[in-house]
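*Asks:* Can you read through this structure? Questions will come right after.
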Amino acid sequence: MSSFLYSLGRACYRLGWRVIALWFVLIAVCAAGALALGAGTNDTIEIPGVESQEALEDLSRIYPEAAGTSAQVVVELPDGVTTDDDAARAGIDEAVRQLSGVEQIASVASPYDDLVSGTISEDRSTAIITAQYAVPMFDVTESSLAGLEHTAMAAEDGLPQGSHIHLGGEAFSNNVPEPSATEAIGIVLALIFLYALFRSLKTAVIPLFTALIGVAATELLIQASTGSLDVMATAPMLALMIGLAVGIDYALFIVSRYRDELREGVDPAKAAAIATATAGSAVVFAGVTVIIALIGLFVAGIPFLTIMGVAAALGVAMAIAVAVTAIPAILRYLGRSPLGRSAARKRDQAEKKPRRARATLGERWVGVATRHPVVTLVAGFAVIAVMALPAAGLQLSLPDNGSEPAGNTARDTYDLVAEEFGEGFNGPLIVTVDLLDSVDPVADMDRLGEDLGRIDGVREIAMATPEPSGSVGIVQVIPDSAPDSAETTDLVHELRDERERIEADYPVSDLRVTGITAVQADVSERLSASILPFGIFVVGLSIVLLIMVFRSIIVPIKAALGYVLSLAAGLGITSLVFVHGVGADALGVARTGSVVSFMPIILMAVLFGLAMDYEVFLVSRIAEARHRLGDAREAIRTGFASSAPVVAVAALIMVGVFIAFVPEDDATIKPIALALTVGVAVDAFIVRMTMVPAVLQLLGERAWGLPPALERGLPSFDVEGIGLQHQLSLEDWGADAVVAVRDLSLDDGGGAQVAGLHEFHAEASELAVISGGTPDVRRGVIMALAGRLTSFGGDVKSAGYVLPNQAWQARRRLPLIASENAAELRAVLEVRPPLLFIDDLPAVLAAADVPDSDIVAALADGVCVVTTAEDEDALSALAVPPPAATGHITQHGLPQREGSLVR
């Protein structure tokens, strides 16, 4: 991967402004798509296969008025006036009449209706008029709500003086979160941290600029998708928050590595390519892990959550793409300015007056962390354990009007209803039954309502009646508790547990509990149940991916355990604030007691990716230092000192971006933002920068390495850039040859060395032959030279491609012809590639029916032909020039299994 990114970085650096312009063209196309296709967000919560959802859908077909959303028109009378007074009753009756004429309202229930119970408060000072829509909440138009508000205010004039009408209910809970000025705080903090690191305003602006490019494209694409997908309003906000954070961080890592290369005296063009290849590899790996985790939210089986995860993953993908393309293009115009104005002065001073270098903050930090590693680990674990304790009391729910900020009309109505009628009136449950076997539906529903009213937790049966056709009965159950409480969820289960008894005692069937409150309870339970399998998926994924990156068992296990600790701390502090109320007022939390039900699983997905970011960026530099120094413990100090400042600034930027969303009034975003703020801070500063060095110090060389069988079976990502270093070290080697080989060695896949080719060079227009060994060994050697075999030792360079680093490029451009694809030889010779590999030239020419003269013509045109043969005399029967270059394979043994060298 580093080789591909090196080429990509060089290309983008060379193209410069064209790459940047292409990104702006993409944004323009996305904007056009958003304008043409966007239909707005939709916060309808649906979970297929759940009883409450299916019952609600059936009810909407049979009796839409009962399944649609509703608005509460709460009449609050002045002191001394009750609903029994003639003036009050006349005013309320007139309000009911006027409200019936509002657009989209199907029916209006008067508090005096005999079929409705409990809609007049005990002191008779407050009454609820229910305006029922026949459409779901998100199909209610703005003009309908405006008409309802206007009619209600007009009706207020017909009530006794001092009366007030308050509007609330489900119809008024569609508040779409939008970006606000508070998000700018995170950008300002990021700029401050970036300037503190780079000491150059021009350089500090780059990560912000590129992050905003990615965010803009993401938000526009999400908006365009709303025309065909039901996208919750939270999705673009989540994508904005995550995209902005990772976009800044990914750009920071690449720009920082570019600056490091400049300090080593590397040419800016090459420095940009190296930075894209090394830091970019870590960016791609870390970003892909975030994307996989976010897309993995499908495990929950809830469509809106899957779409939310895909939207956030899109933001991360954009951040990766911008980082590895736009950053090197922009660096072309910066030159050496990222070094800062003081760099040259500091270098001159160091040359004039050598002095003992003072330990940096990073070196002092890692020194403390590794001096007594056991003490460090115990202290770190103790701090996190204390933070995580409140997580045991985490209560999950979905937000409603009670979560709106104080002063909001819907929130004030919610509080008034809770005070005058009980909290349950804000979230009634609906019980539906099939009445096809009933001979007296009205009487049966009356008896059923009385029966359900005796269940613990039921405050009131507001209505128990058949729908107009008489085929379905509807009972509106008012709980004693709030909609988001555990007691209400328990009541949902208790009502369902009564199914068998009720269906046996009454002429009814198919009892189901539904309503928005029941749907929310089912969503919360589905989400809670998905946390464990999703956690196993995420932790398992992290271990597998990190094994491939670091070629170690211990490092991935340690990384996964650290992620679990960070997750626990984030959940604990969030529970402390949002459930237990500690610090809630300071953070502007509208109501405590629960957090949005998908917060834990979103936190798990996002924090997993961010934790892997820090793990990869920190430990990859330690692994790189270990490879260079050969000392595992010394590598901790060297690698940490070079990467810790960047990781610390990256974490501070993340914290700054996330904490800027905490003041948001939206009850969905606020707890997620706080959990991410705490989780990132703990993961970066306690887990990765303190506990990880302590673990590595404690284990030393034992922390690294894999069993040989596992080592060979896993692909390599080269995040440390070790392969790239090998590639760059051979840039000038073999420059005069088309093919150059030095100390090539092959093994049989089981660790035993089978064959080697000590020295081999071939130039343009030369026929070169490689002889010796068995046919299988010769096939393995020529496959290695052609980029088809990537597991071998030594140095190989074919047509300028260093192998196996650039094998993916070699495979595309260097043909390899063998007996099984001999028919392709004629077409290949017509193309005249600079280098052509043929396994056993005599056999291929015979199979392809190609005359020897075609090979001679290709050689005359500058093609270098490399073939294998049992010995050098094998070509003597062909009418071709004698080999100009030869190489002899030294075979040490037989392969353990046939074909093992061509795997």
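Quick reminder: no glycine exception, Cβ is built from N, Cα and C everywhere.
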*Asks:* Scan 562-583, 782-803, 848-869 against TrEMBL and say which stretch is down as transmembrane segment.
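*Replies:* Transmembrane segment, as annotated by TrEMBL, spans 562-583.
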*Asks:* The transmembrane segment (181-198) and the transmembrane segment (640-662): do they have three or more Cβ pairs under 8 Å, with pairs 6 or more apart in sequence?
*Replies:* yes
*Asks:* Report, as numbers and ranges, every residue of the chain located at least six residues beyond the transmembrane segment (595-619) whose Cβ falls under 8 Å of a Cβ in that stretch; write 'none' if there are none.
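*Replies:* Those are 238, 242, 245-246, 249, 253, 279, 282, 285-287, 289-291, 293-294, 296-297, 300, 302, 305, 308-309, 312, 316, 394-399, 520, 523-524, 527-528, 530-531, 534-535, 538, 542, 545-546, 549-550, 555, 559, 562-563, 566-567, 570-571, 574-575, 578-579, 639-640, 643-644, 646-647, 650-651, 654, 667-668, 671-672, 675-676, 679-680, 683-684, 687-689, 692, 719, in sequence order.
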*Asks:* Over the domain 'SSD' (209-333), what does the predicted model average in pLDDT?
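*Replies:* Reported value for the domain 'SSD' (209-333) is a mean pLDDT of 88.
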